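Asks: The following block contains the structure, expressed as C-alpha cells.
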Amino acid sequence: MTNYAIILAAGKGTRMKSDLPKVLHKVAGISMLEHVFRSVNAINPEKTVTVIGHKAELVEQVLAGQTEFVRQTEQLGTGHAVMMAEPVLENLTGQTLVIAGDTPLITGESLKNLIDFHINHKNVATILTAEADNPFGYGRIVRNQHGEVLKIVEQKDASDFEQQIKEINTGTYVFDNARLFEALKNINTNNAQGEYYITDVIGIFRENGEKVGAYTLKDFDESLGVNDRVALATAESVMRRRINQKHMVNGVSFVNPDATYIDVDVEIAPEVQVEANVTLKGQTKIGAETILTNGTYIVDSVIGERTVITNSMIEESSVADGVTVGPYAHIRPGSSLAKDVHVGNFVEVKGSSIGENTKAGHLTYIGNSEVGANVNFGAGTITVNYDGQKKYKTIIGANVFVGSNSTIIAPVELGDNSLVGAGSTITKDVPADAIALGRGRQINKEDYAKRLPHHPQNK
C-alpha cells in the first residue's frame with residue numbers, strides 16, 4: 001500500500017523564547033525538522049506534505065525541493081494543521097503518517113514499525129504511544145479489557161484511575177488517508193483552547209465502530225517533543241549519545257564519550273582515537289588511525305589517515321594523510337595541507353595550500369599562499385597578505401628555507417631551492433637557488449653601553 005506523510009511545522013514555539021521558528025532549532029548539527037524529515041523518508045512516502053506557518057519562508061528554505069508545502073496562516077490546532085494538507089492528499093488511497101516537526105529523536109525504524117503495525121492490524125487509525133515513568137502532562141491511552149484503544153484522555157480531564165495509566169500519546173499517528181479527511185470535516189472547536197484537535201478524529205472513529213490501534217515505542221526517548229530549551233538540551237544529549245555509540249560500534253575509540261560532541265553527518269573511519277572535549281561539526285570526515293586530542297575543534301573539513309590533531313581548530317579545509325597539527329594551531333577556511341605536513345604550535349594557516357613534507361613548527365602565519373613541498377618556515381615567519389584594501393598572494397616554491405623572524409610581503413614569489421635569511425623583510429621576488437637577505441646591517445659601538453643608565457658603573 002502507498003504511504004504518505006504530513007509533517008506539522010507551522011508553530012511559533014513561544015516557550016523557546018526565540019525569533020527562530022521552533023522546528024529550525026538544531027540538534028547535533030541539523031534542524032529538528034531535518035531530523036524528522038529524514039526519519040519520515042524511511043517509510044518511502046509517495047508524497048510528503050509539510051505544513052508551515054510562522055516565518056514560513058525560513059522553514060521552506062530548509063527542505064526546499066524535497067517536500068510539498070502548505071500554509072497554515074492561523075495556528076488553530078493540530079487538526080486544523082492537518083486540514084491544510086487536504087488539497088494535496090484528500091483523493092489518494094493509502095495510509096498517512098502525521099508527525100510533529102519538533103520530535104527529532106524519532107527513528108525511521110520506529111516509523112516503519114508503526115506503518116507495518118497499522119497495515120497488519122487493518123486499523124483505520126494507529127496511535128504511536130510510549131510507556132512513561134512519569135506520565136504527568138501527557139494524554140493517556142485508555143484501553144478496554146481486550147487491549148483495544150477506547151480513547152485518548154488529556155491530563156486535565158483524566159480521572160484518578162486514568163491518571164495512573166503510564167501509556168501516553170506521543171502525538172504521532174497513522175490514518176487511512178481517505179477516512180482521515182472525511183473525519184476532519186466533523187471535528188469542531190468546542191474545547192477549552194478553542195482549537196481543532198487531531199485527537200478528536202480518534203473519537204469519531206471509535207463512535208463509528210472503526211478499528212483504532214496503538215503501537216508502543218520500545219524507547220521512550222523517541223517520544224520527546226521539544227517545546228523549550230530544557231527539552232532541546234535533552235534531545236541534544238540523547239542524540240549525541242546515539243551518535244557516539246554508533247561510532248564506537250563501528251570501531252572508533254572515545255576516551256570520554258559524554259564529553260565529545262559529534263554532529264550527525266560527521267563520518268569517522270575505524271581505529272580513530274578521540275579524546276575528551278573534541279568537537280566535530282558539519283560534513284567533517286576523519287580518516288582511519290587518526291588521533292584527535294583534547295580540545296580539538298573541526299568544522300566541515302576532510303582529515304586524512306594517520307593524522308594527529310592536537311588541541312587545534314580546523315575549519316573548511318582538507319588535511320592529507322600523515323599530517324600533524326598543533327598544539328594550538330588554527331587552520332582557517334580554504335586551506336589544504338598535503339601529505340606529511342607539520343603545522344606546529346601557534347601557527348595559523350588561512351586560504352593557503354601547503355605542499356608535502358613542509359614544516360611550520362611554531363609562531364607562523366601563512367595567509368593566501370601557495371607553498372611547495374619540503375619548505376621549512378622558521379619561527380616567527382609572517383606572510384603579509386593585506387595592505388588595508390586588498391589581499392595579495394605569496395608563492396613559495398619547493399625546497400625553500402625561510403629563516404626565523406622573516407616577513408614576506410605579498411605579492412611576491414620565492415623560487416625553488418631559495419633561502420631567506422633570518423630577520424629578513426622580503427618585498428621582491430627571489431629567484432630559484434638564490435639567497436635573500438633583507439635586513440639592516442649590524443653596527444657595534446665599542447664601550448658605548450657604559451654611557452647608558454642600565455650599566456652597572458652608572459648605578
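Yeah, the Cβs are placed from backbone N, Cα and C, and that goes for glycine too.
Feature table excerpt (Swiss-Prot):
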REGION    1-229  region 'Pyrophosphorylase'
BINDING   8-11, Lys22, Gln72, 77-78, Gly139, Glu154, Asn169, Asn227, Arg332, Lys350, Tyr365, Asn376  UDP-N-acetyl-alpha-D-glucosamine binding site
BINDING   Asp102, Asn227  Mg(2+) binding site
REGION    230-250  region 'Linker'
REGION    251-459  region 'N-acetyltransferase'
ACT_SITE  His362  active site, proton acceptor
BINDING   Ala379, Asn385, Tyr386, Ser404, Ala422, Arg439  acetyl-CoA binding site
Asks: Cα-Cα separation of Asn169 (UDP-N-acetyl-alpha-D-glucosamine binding site) and Asp102 (Mg(2+) binding site), in Å?
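Replies: With the alpha carbons as reference points, the distance is 15 Å.
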Asks: So among Asp102, His362, Ala422, all listed as recorded positions, which is physically nearest to Arg332 (UDP-N-acetyl-alpha-D-glucosamine binding site)? Use the C-alpha atoms.
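Replies: For Arg332 (UDP-N-acetyl-alpha-D-glucosamine binding site), the spatially nearest of the recorded positions is His362.
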Asks: Starting from the Cβ of Ala422 (acetyl-CoA binding site), draw a 10 Å sphere and report how many other Cβ atoms land inside it.
Replies: 15
Asks: Checking your reading of the structure: which of the recorded positions Gly139, His362, Tyr365, Ala379, Ser404 lie inside a 10 Å Cα sphere centred on Asp102 (Mg(2+) binding site)?
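Replies: Within 10 Å of Asp102 (Mg(2+) binding site): none of them.
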Asks: Please report the distance from the Cα of Tyr386 (acetyl-CoA binding site) to the Cα of Tyr365 (UDP-N-acetyl-alpha-D-glucosamine binding site), rounded to the nearest angstrom.
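Replies: So the alpha carbons of Tyr386 (acetyl-CoA binding site) and Tyr365 (UDP-N-acetyl-alpha-D-glucosamine binding site) sit roughly 12 Å from each other.
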Asks: Report, as a single number, how many Cβ atoms besides its own are within 10 Å of the Cβ of Ala10 (UDP-N-acetyl-alpha-D-glucosamine binding site).
Replies: 28
Asks: Return the count of C-beta atoms lying within 10 angstroms of the C-beta of Arg332 (UDP-N-acetyl-alpha-D-glucosamine binding site), excluding that atom itself.
Replies: 17
Asks: Least buried of the binding-site residues Leu8, Ala379, going by other Cβ atoms within 10 Å?
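Replies: It is Ala379 that, of the binding-site residues Leu8, Ala379, has the fewest other Cβ atoms within 10 Å.
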Asks: Can you count helix, strand and coil residues in the region 'Linker' (230-250) using DSSP?
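Replies: For that range the per-state counts are 20 helix, 0 strand, 1 coil.
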Asks: Cα-Cα, whole number of Å: Ala422 (acetyl-CoA binding site) versus Asn227 (Mg(2+) binding site)?
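Replies: Between the Cα atoms of Ala422 (acetyl-CoA binding site) and Asn227 (Mg(2+) binding site), the distance comes to 61 Å.
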Asks: Of the recorded positions listed here (His362, Ala379, Arg439), which is spatially closest to Gly139 (UDP-N-acetyl-alpha-D-glucosamine binding site) when Cα positions are compared?
Replies: His362
Asks: Check the DSSP secondary structure of His362 (active site, proton acceptor), expressed as helix, strand or coil.
Replies: strand
Asks: Looking at the recorded positions Asn227, His362, Asn385, Arg439, which has the shortest Cα distance to Ala10 (UDP-N-acetyl-alpha-D-glucosamine binding site)?
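Replies: Nearest in space to Ala10 (UDP-N-acetyl-alpha-D-glucosamine binding site), counting only the recorded positions, is Asn227.
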Asks: Tell me the Cα distance separating Gly77 (UDP-N-acetyl-alpha-D-glucosamine binding site) from Ala379 (acetyl-CoA binding site), rounded to the nearest angstrom.
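Replies: Rounded to the nearest whole number, the Cα-Cα distance is 65 Å.
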